[in-house]
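Taken from TrEMBL, the feature region 'Disordered' applies to 477-505. According to TrEMBL, the transmembrane segment annotation covers 6-28, 54-82, 88-107, 114-132, 164-183, 195-218, 251-276, 297-319, 325-346, 353-369, 399-419.
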Amino acid sequence: MIMANGILGCQAPVGYALSLVLGGLFYANRMRSEGYVTMLDPFQIKYGERMGGLLFIPALMGEVFWTAAILAALGSTLSVIVEMEPRPAIIISACVALFYTLIGGLYSVAYTDIVQLFCIFFGLWISIPFAMTHEAVPSITVNATENWVFPIESSTLPSYFDNYLLLMFGGIPWQVYFQRVLSSKTAMKAQILSYIAAIGCIVMATPAVLLGAVAASADWNRTSWTGPVPIPPKDYPLILPMTLQYLCPPVIAFIGLGALSAAVMSSADSSILSAASMFARNVYRSLFRTAASEREILWVMRAAIFGVTALALAMALTVESIYMLWYLCADLVYVILFPQLTAVLYMKKSNTYGSLAGYVLGLFVRVAGGDQNLKVPAIIKYPGYDEETYAQAFPFKTLSMVVTSVTLIGATYLSIWLFESGILPRRFDIFMCVVNIPDEQMVLASRESLDERTKFGIYGKENGKVNPALKFSNEDLVATGETDDSEEHDGSPPGPRGIHSGLVQ
């Protein structure tokens with residue numbers, strides 16, 4: 001991306017770092033305090049299992065696009081290392097990722113994350129001095145404005161900030177992120193983890209940015225590169241492994257390319273596994289087989305791993321630019337899931353009617369805007385639309401997100417007014433979330449005060465509720481005698497996600 005659009009056009013590292021900061025400030029604490037297991041849990045608890053299953057679709061597409069970007073990056077790396085065509089390399093990469101995700105499961109996620117950090121930090125950073133001192137590379141500060149520091153044209157500023165907002169807010173509602181947040185021992189540690197990850201995002205992206213500046217400044221005629229010079233845009237996805245291969249000594253190139261391969265490979269299993277786990281828990285078990293055993297869920301998850309990998313492989317072979325997949329993976333997540341997640345956590349009166357209306361209308365507005373990368377023409381042509389490239393100059397993605405938010409809020413309060421005022425009879429409350437509420441839900445609602453007391457009493461205000469998927473620690477079980485005594489006197493059981501139910505699970 002540095003080669004094509006310059007450093008100002010490389011928005012992903014900064015955008016995703018800011019998304020981690022925002023996630024830590026406003027989302028990590030609330031999600032961890034409630035003891036959820038997956039990102040879709042709050043949707044299914046509040047909006048119902050079917051609405052949660054519907055929200056799984058944009059979450060799945062986001063994971064598929066992200067995995068496709070990873071596979072494409074790994075395929076381009078292998079194509080340089082073993083000098084083969086990118087498409088067979090992408091297919092081989094998908095097979096390798098599928099194999100060790102099936103075999104390793106959660107262990108592959110944990111251990112490869114450690115390997116990723118080690119490999120990026122040492123493997124890529126160690127290659128920078130050698131690349132910068134190559135005879136074909138002048139100082140990257142010479143003619144920087146011509147090589148890799150390009151100004152942003154005023155006509156593209158609306159779409160430029162549209163993409164930044166997409167990365168910042170669309171980078172929050174991800175299972176791969178909440179997978180780490182919800183497995184933290186305490187809510188405070190989940191927040192700290194987010195802030196550290198934001199710093200790490202910038203630190204780990206810096207060597208790739210520097211190597212991009214080196215590649216843009218280099219005289220490729222003085223290297224062993226046998227392709228056309230200047231490097232054509234079709235070879236831009238290969239520029240990072242090419243820089244390591246042709247501007248570094250063989251040993252350093254081997255270390256750097258190995259680091260790059262290990263880094264992208266370790267992200268593949270996380271995305272594949274997170275999508276498969278959401279499908280098995282929030283779709284299959286919740287919608288089709290509520291009595292499914294853990295063994296059955298495990299086999300469903302394995303089958304889902306195959307499906308996610310196949311979809312990601314098809315996308316990686318279709319889209320030419322790896323960087324464009326970064327935008328695509330956050331697109332539907334930004335437009336649909338971000339407003340939904342914000343509402344379910346912060347809007348107490350939000351209901352299924354508002355969620356469904358926002359989902360449908362926001363999705364329509366986004367799809368009607370077309371897509372330049374997938375060559376999909378627009379139905380709604382905003383000012384500045386390019387008929388040839390299908391590019392929208394108007395920030396229509398942010399507009400779609402706003403439409404989702406406004407529709408969700410408006411439809412929620414409209415449904416409440418229609419039912420509570422008697423304009424619509426109770427039997428028309430088909431989602432049973434306004435006036436036609438089942439008796440068992442009313443019983444749970446009457447325990448809300450006890451649930452809040454449990455949330456900040458038994459577990460401590462900092463820690464929040466215990467995630468039943470985690471092991472208990474002394475930090476989670478901060479017992480208070482006052483809470484225990486009150487429970488003994490009133491004889492009422494703990495809330496639905498209380499400590500006793502957690503211990504039983």
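The backbone N, Cα and C atoms fix where each Cβ goes, and this holds for glycine too.
Remember, TrEMBL labels are computer predictions, not curated facts.
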Cβ contacts under 8 Å made by the transmembrane segment (297-319) with residues that lie 6+ beyond its boundaries: 60, 63-65, 67-72, 75, 87, 90-91, 94, 97-98, 101-102, 271-273, 275-277, 279-281, 284-285, 325, 328, 373-374
Segment proximity, the transmembrane segment (251-276) to the transmembrane segment (54-82), 3 or more C-beta pairs under 8 Å: yes
Segment-segment contact (the transmembrane segment (195-218); the transmembrane segment (6-28)) at 3 or more Cβ pairs under 8 Å: yes
Same-chain residue ranges lying at least 6 outside the transmembrane segment (164-183) that approach it to Cβ under 8 Å: 11-12, 14-16, 18-20, 22-23, 27-28, 31-32, 36-40, 59, 62-63, 66, 109, 190, 193-194, 197, 270-271, 274-275, 277-278, 326-327, 330-331, 333-335, 337-338, 340-341, 395, 397-398, 401, 467, 469-470
Same-chain residue ranges lying at least 6 outside the transmembrane segment (6-28) that approach it to Cβ under 8 Å: 148-152, 160, 163-164, 166-172, 177, 181, 187, 190-195, 197-199, 201-202, 205, 209, 212-213, 323, 326, 341, 345
Cβ contacts under 8 Å made by the transmembrane segment (399-419) with residues that lie 6+ beyond its boundaries: 165, 169, 334-336, 338-340, 342-343, 347, 349-351, 353-359, 361-362, 365-366, 369, 426, 428-429, 434-436
